[in-house]
Amino acid sequence: MEGVLSQLAVLVLEDGTKFHGRAIGAKGITVGEVVFNTSITGYQEIITDPSYSHQIVTLTHPHIGNVGTNSNDEESSKIYIKGLIIRDLSLTASNYRNKKSFSSYLKENNIIAISDIDTRKLTRILRTKGSQNGCIIEDKKQNYSIAYNKAKNFISLQDLDLAKKVSTKSIYNWDQGSFTFKKNNFFSINKQKFLFHVVVYDFGVKRNILRMLVDRGCYLTVVPAITDPKTVLNLSPDGIFLSNGPGDPRPCDYAIHAIQYFLKTNIPIFGICLGHQLLALASGAKIVKMKFGHHGGNHPVKDIKNNRVIITSQNHSFTVDTENLPNNIEITHSSLFDGTLQGLSLTNKSAFSFQGHPEASPGPHDASYLFDYFIKLIVSQKTTLSN
């Protein structure tokens, strides 16, 4: 059971709105862009998603921490969020996989967090006014003026290259598949039994993305975001995967140029989230900042090609502008919430992308068929080359 949460804390937004609560994480002060996530489950996966770099995440579900934490549910090697805002911290964790309480996990990872916040009110403010910068101070004095000034002066995430900061610094291989509850472990495949070799550009990749590719017979080489395209081609990949990641894709010139280089070849390309936006930019489309973004596991998306609706996991603050799209871009998916572009394919290349997270974690797996389509493109290309 958690100890008594007696330390006071304050959250202040850049418009001057303040919320008083209790500190449930590390001591200190933090500042970032405040966003909200509507997922009911998967709080550990959310806070370890590199896509949340430089952001303070508000979880709209009222009860957080009830299943504790464990290392198997981490989506990366560290926590990238700037801070966490919740309504109520569960004082007990009831799950056979629990290894550590959520509050202890936050403190151990030096994450400042605040509870006892009216998250419904906060979410309404963000929906009405758009995402705002905010500051959390864990302090008995709850110094409002310091928090307000820090929130007011925090840098905008627009035109900021965050992918380079969260990306791996060296090339590595990955052969771990999905978690199997029967064996209570992740399965792995002998390298000789893999069917395909896929190079993954790490712009902030989640582990479950890698696992779902391995599940489909892919041996993975994960490369840094700034990797030269010639280095990738020397690895002789059967396919290239462009991962998720944080922030604005527009400053990532190195990635855009690399993708344009790959589009001159016939190697199948699949991008998600930030990778989707980078493929769009490389193909001549434009990107715009959204009012408050899409963050949650309940977003309905229409699959235009197959005329069906899928429920998806989403986490992005930028979107592809649908006005004046290049002729070779075909819209394959659209949001049923606001009509924004959710998927595209290039009519003249074996390249496609999806704005949401088909790997979920957390969220539904309705869009996992996109991984199968990627494999289908790889098989088709290998068949063409062998004939």
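Numbering starts at 1 and runs along the chain as displayed.
From the backbone N, Cα and C atoms, a Cβ is placed for every residue, glycine too.
Among the features that Swiss-Prot reports, active site, nucleophile is placed at Cys273, with the record citing sequence analysis. Around Cys273 (active site, nucleophile), the same-chain residues six or more apart in sequence whose CB sits under 8 Å from its CB are Ser51, Ser243, Asn244, Gly245, Asn315, His316, Gln355, Gly356, His357, listed in sequence order.
Feature annotation from Swiss-Prot assigns active site to His357 (among others). Summarising the environment of His357 (active site), the number of other Cβ atoms within 10 Å of its Cβ, over all protein chains shown, is 26.
Its own atom aside, the Cβ of Glu359 (active site) has 26 Cβ atoms within 10 angstroms in the protein chains shown. Annotation source Swiss-Prot lists active site at Glu359 (among others), citing sequence analysis.
According to Swiss-Prot, the feature L-glutamine binding site maps to Ser51, Gly245, Gly247, Leu274, Gln277, Asn315, Phe318. Counting Cβ atoms from all protein chains shown, Gly245 (L-glutamine binding site) has 32 others lying within 10 Å of its own Cβ.
Sequence annotations record features per position, and here Swiss-Prot assigns domain 'Glutamine amidotransferase type-1' to 197-384.
Annotated region 'CPSase' per Swiss-Prot: 1-196, in sequence order, evidence recorded as sequence analysis.
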Neighbourhood of Gln277 (L-glutamine binding site) by C-beta distance under 8 A, where only residues 6 or more apart in the same chain count: Pro249, Gly271, Ile287, His316, Phe318, Thr319, Val320, Gln355
Residues close to L-glutamine site centre defined by Ser51, Gly245, Gly247, Leu274, Gln277, Asn315, Phe318, Cβ within 8 Å: Ala163, Phe203, Gly204, Asn244, Pro246, Asp248, Pro249, Cys273, His316, Ser317
Alpha-carbon spacing, Glu359 (active site) to Leu274 (L-glutamine binding site), which is rounded to whole Å: 14
In the chain carrying Leu274 (L-glutamine binding site), residues 6 or more apart in sequence that have Cβ under 8 angstroms from it: Ser51, Ala163, Phe203, Gly204, Leu242, Ser243, Asn244, Gly245, Pro246, Gly247, Pro249, His316
